[in-house]
């Protein structure tokens with residue numbers, strides 16, 4: 001029942017509903033915080049290192065670059081949440097040893113799509129086989145010692161080509177894409193397309209034993225029986241460098257994916273590191289008391305695994321020390337080694353394959369207990385992990401075997417760099433972009449971060465040569481010339497007075513700097529003297545000169 005307002009009383013106006021509603025406040029204002037550890041993983045600038053003598057303009061540019069890099073790393077750390085895939089793993093029940101788990105048990109536990117990735121090709125007639133996966137991990141190429149060469153899409157089992165070159169095949173490699181294939185035959189190096197048609201026969205690369213392709217430099221590295229390491233630029237078809245290792249036959253070769261340095265194993269137990277920009281090895285590491293049988297480097301370029309005739313398997317640290325981190329003596333020496341994207345190490349010993357795992361990517365594998373073990377139908381002749389898949393490809397005398405190794409591959413891939421599902425048009429566009437971004441062969445060195453630093457020694461040497469050539473320093477400070485003034489203030493006496501005043505100021509600055517340097521030297525000498533004596537400092541030390 002409604003009642004009318006009594007006369008004589010003021011009726012309050014009705015408030016608008018929008019005015020009565022309070023604005024909802026955000027309980028978590030500002031951007032979402034990002035863990036510092038995740039940001040540091042994507043940060044590429046070392047802020048602890050500063051230029052000692054840099055101009056104001058240079059410092060401002062560096063500050064802007066550092067701010068942009070920090071913002072980029074924060075965005076990358078936030079976008080990491082979008083990576084839905086996680087790496088696989090294998091755990092035993094109630095302390096069960098995972099090395100006793102066979103491939104049949106793994107096939108029963110996984111889904112149908114993963115079980116289809118395990119297969120065994122029986123090719124005893126043309127073995128033993130060497131194999132290679134493409135960068136996208138989608139295609140597989142293998143070549144037998146008796147001339148059998150084949151390439152296929154191993155996921156769909158669609159055969160791309162199959163030929164017999166009627167000559168011994170020693171090694172096989174995909175080039176920058178799955179459309180080109182390099183085959184090291186008995187005499188020369190041959191290039192085929194994905195239809196099996198021979199495109200090139202490179203006779204300057206003869207008696208090749210091992211092949212390695214550097215994808216960012218478009219370089220095909222070949223090691224031969226004559227002891228030469230040859231670099232072939234596949235983008236222009238020219239020999240970039242032919243280096244004589246002076247160590248006899250070369251049949252052990254591997255590349256460092258981090259800096260594109262080639263590692264060669266020799267019969268005297270050493271491993272040499274090579275770059276096409278140098279005629280001598282960048283470094284030599286004494287690894288074994290006998291000949292080196294196999295070399296492998298992990299994806300981060302931090303650790304190197306070697307095996308020798310002394311039946312030892314060693315893990316070396318490549319961060320400047322080149323010291324062995326762990327050693328294991330094997331009953332049969334490992335003839336083949338390979339690292340996975342997640343840091344797993346596989347060794348082929350006769351017809352047995354052993355896999356060791358570590359704490360994760362970036363950590364050395366533990367050689368105490370094998371992660372997985374598998375026995376094949378013949379001696380191992382080639383090993384490689386498939387990129388972005390938990391699959392290990394093994395070439396042996398009985399054919400080719402694809403094994404399931406949980407936790408071996410990187411779960412997430414970069415669709416703009418290595419896309420397994422790209423079309424033909426996308427591949428062509430990627431080739432054009434990769435050619436435009438090709439890294440020159442002269443930039444291959446042990447530490448790629450040194451390329452971003454200023455070569456002060458060469459800069460000073462060039463400046464000195466320029467002064468000697470011109471007869472004067474073009475960058476020297478010009479002498480002070482006072483500007484003319486009016487009303488009689490530009491007389492000779494006033495000009496000389498102003499010049500002398502500026503010269504006195506410059507002289508004071510030089511004297512002040514020299515005094516500061518002397519004080520610093522004296523302070524350093526006092527500190528060194530106090531450390532040498534080892535006595536407790538006293539208040540009377542200020543009077544000691």
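Including glycine, each Cβ sits where the backbone N, Cα and C put it.
Caution: TrEMBL annotation is automatic and unverified by curators.
Here is what TrEMBL records for this protein:
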type	residues	note
REGION	1-34	region 'Disordered'
COMPBIAS	7-25	compositional bias 'Basic and acidic residues'
COMPBIAS	50-59	compositional bias 'Basic residues'
REGION	50-70	region 'Disordered'
REPEAT	285-319	repeat 'WD'
DOMAIN	370-448	domain 'BING4 C-terminal'
REGION	468-545	region 'Disordered'
COMPBIAS	502-512	compositional bias 'Basic and acidic residues'
COMPBIAS	516-525	compositional bias 'Low complexity'
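In the predicted model, the repeat 'WD' (285-319) has a mean pLDDT of 94.
When the repeat 'WD' (285-319) is classified with DSSP, helix, strand and coil residues number 0 helix, 20 strand, 15 coil. Assigned with DSSP, the residues of the compositional bias 'Low complexity' (516-525) fall into helix, strand and coil as follows: 10 helix, 0 strand, 0 coil.
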